[in-house]
Amino acid sequence: MEEIKPASASCVSKEKPSKVSDLISRFEGGSSLSNYSDLKKESAVNLNAPRTPGRHGLTTTPQQKLLSQHLPQRQGNDTDKTQGAQTCVANGVMAAQNQMECEEEKAATLSSDTSIQASEPLLDTHIVNGERDETATAPASPTTDSCDGNASDSSYRTPGIGPVLPLEERGAETETKVQERENGESPLELEQLDQHHEMKETNEQKLHKIANELLLTERAYVNRLDLLDQVFYCKLLEEANRGSFPAEMVNKIFSNISSINAFHSKFLLPELEKRMQEWETTPRIGDILQKLAPFLKMYGEYVKGFDNAMELVKNMTERIPQFKSVVEEIQKQKICGSLTLQHHMLEPVQRIPRYEMLLKDYLRKLPPDSLDWNDAKKSLEIISTAASHSNSAIRKMENLKKLLEIYEMLGEEEDIVNPSNELIKEGQILKLAARNTSAQERYLFLFNNMLLYCVPKFSLVGSKFTVRTRVGIDGMKIVETQNEEYPHTFQVSGKERTLELQASSAQDKEEWIKALQETIDAFHQRHETFRNAIAKDNDIHSEVSTAELGKRAPRWIRDNEVTMCMKCKEPFNALTRRRHHCRACGYVVCWKCSDYKAQLEYDGGKLSKVCKDCYQIISGFTDSEEKKRKGILEIESAEVSGNSVVCSFLQYMEKSKPWQKAWCVIPKQDPLVLYMYGAPQDVRAQATIPLLGYVVDEMPRSADLPHSFKLTQSKSVHSFAADSEELKQKWLKVILLAVTGETPGGPNEHPATLDDHPEPKKKSEC
């Protein structure tokens, strides 16, 4: 019996017919007997060499694996035929001139292998690359290829199963592997080296891609800076120079945007463009970004004033029509991309974190031994520090945006848009009625300092909720209750109201209790810090006794040590309640609590700003003096009515609220402000309206009261109605001057004074 080696290749080509024909024509035209023996050696090496997946996609087909696993060994001494026969397989392609010889020898061995055929499994040929499916009805017999001593599969093999290398490349690869084995190297080591080479090339490509992304985003960023600097800023400054609004406000909004634009457009962007052109010789960006470090101070100034800028844009858009008109006109242009001014102003804040992200990705791909490693790492450290400040500003902007959304959902009636307010949690919940314990649908907005308890509105447009109760976090307690009929209940007890609430599930209940308790704890921690600061300050100031106030310079409390006025405890904000220092005790107080002046001995007897308490101790005061120094709403009605341009009772209505009678006064000392009191002798005004910028509508609607008129500015609408047409015209004469900024002189005889009306006690209640 002959010994048959396991089959590892087929005489049938795995290439498509076109490639087979091409290879056959090559062999027919250029093969010789001398080359044929060489071909035999190469093919024998190829067939015996292990075929592992590699760069060129060499794979072993399922049929080849099956044959190699199940072919039996043929015992015998007849090896002359297998050793002396010519090879009929060359790299998996049948040579045309030897095909007939191979077929004859296969036929000769077919009859002697019947027993072997019976033991072989059936092989099916499936559709490959769209070819038809042919299933062998007879056992597929592995026959001995007399050309090289290997068994070949006689079943039908579909072309195109895997890529086949050209003969020259296949032979070269085989010789390399043989040489490796002779040198003691394994094919796996070569494969790892190849993969390492490919990885190196891949990293280089990724580094170039990151650098190119930096360049592309920098171009887009410079375009945004041009939009802010050359369009928004310039157009608004032109309008301000016409006298529509102060130019100083425009400068505060845009801060140092011109300097930032100049740096990026004239330095950083040209440097990046030049470097990308020279990337083949200088593949690095760390040295360029390191030059960015000294200019990050510009971003610090921009980010620091960002909150104030956003507040200014909001207020000026609402109150100044000319400002709003210019901004909206620019926002309609294609260059804005349907985005608002506030959105574009956020671009510089977001840019620094973008640099940080790209640099981190760049360093991950950069080899540690690269020349750019140290520069890139140093740049990342500097930029990461600046990015932390930018991220803080982004979070504040996102929080402010959310507050505006809630403000609109509540019908713009709750004053919640304040940088000090932070939304913690919101969601739907059920409220258990006290009388019949029925469950009613409610909605909660939890902030860091209050809980808004709201009732849903079932309307397609407008506000979605009505605020039923505002419960302060100060003094709030959370109690977990047990109710068999109503599960998942808990109680929120505050100074303003106690609510028994029902969550939708045990998890929802747990989340609400956790959020509420953490908010309460954080609130108390802030106030504890505040109280400790005061106590510590009192210890430090123990040397400055009451008798020494004004005689000895105090230690000033730092601005960042407090978040609220140390006298009235109202929270500070950048726009309406700024920080001031009392020159006598050093406390940080608001404008209202520091609206006093006293002579301080340690400062040479100069009049200096002091708080209310220090003013009382240093100067002493009378009741009348105290009244003169009260806030704008605390000015007594009798004071302004006796020295006013016009004053009388008017019917007043705001938004959808009902009409109510109010004592209205425009004083001579403040002729551009309308004061409204409940009665002529009230010591505090209910509201004030700065008249500058309002639009006056003299024509009442049919639904309004007779002799009515309206004051409109942005979303604020105030409706008034006089008792007569004559009184209405007297008011309009004064108001029409005030809304344009002109100061009415005011006649000696007031158009409508207290003498024109009986005492309030004789009239109906307001």
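Using N, Cα and C of the backbone, Cβ positions are placed for all residues, glycine too.
Residues or ranges marked as region 'Disordered' by Swiss-Prot: 1-20 (among others).
Here Swiss-Prot flags 1-150 as region 'Actin filament-binding'. Confidence over the region 'Actin filament-binding' (1-150), given as mean pLDDT on the 0 to 100 scale, stands at 43.
Per Swiss-Prot, the feature region 'Disordered' maps to 46-83 (among others).
The compositional bias 'Polar residues' feature in Swiss-Prot is assigned to 58-83 (among others).
Sequence annotations record features per position, and here Swiss-Prot assigns region 'Disordered' to 134-188 (among others).
Sequence annotations record features per position, and here Swiss-Prot assigns compositional bias 'Polar residues' to 145-157 (among others).
Per Swiss-Prot, compositional bias 'Basic and acidic residues' is recorded for 167-184 (among others).
Taken from Swiss-Prot, the feature domain 'PH 1' covers 422-521.
What Swiss-Prot lists as zinc finger is 559-619, and the listing cites sequence analysis.
As annotated by Swiss-Prot, Zn(2+) 2 binding site applies to C582, C585, C611, C614, with the evidence given as sequence analysis. Every protein chain shown contributes to the tally, and the Cβ of C611 (Zn(2+) 2 binding site) ends up with 27 other Cβ atoms within 10 Å.
Note: the domain 'PH 2' (643-740) comprises 14 helix, 43 strand, 41 coil (DSSP; helix = H, G, I, strand = E, B). According to Swiss-Prot, the domain 'PH 2' annotation covers 643-740.
Under the heading region 'Disordered', Swiss-Prot lists 742-766 (among others).
The feature compositional bias 'Basic and acidic residues' is assigned by Swiss-Prot to 752-766 (among others).
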Shell of the Zn(2+) 2 site beyond C582, C585, C611, C614, same chain only (C-beta within 8 angstroms of their C-beta centre): L549, R583, A584, G586, Y587, V589, S594, V610, K612, D613, Y615
Around the Cβ of C614 (Zn(2+) 2 binding site), the count of other Cβ atoms that are within 10 Å: 26
Secondary structure content of the zinc finger (559-619), with strand meaning DSSP E or B: 13 helix, 18 strand, 30 coil
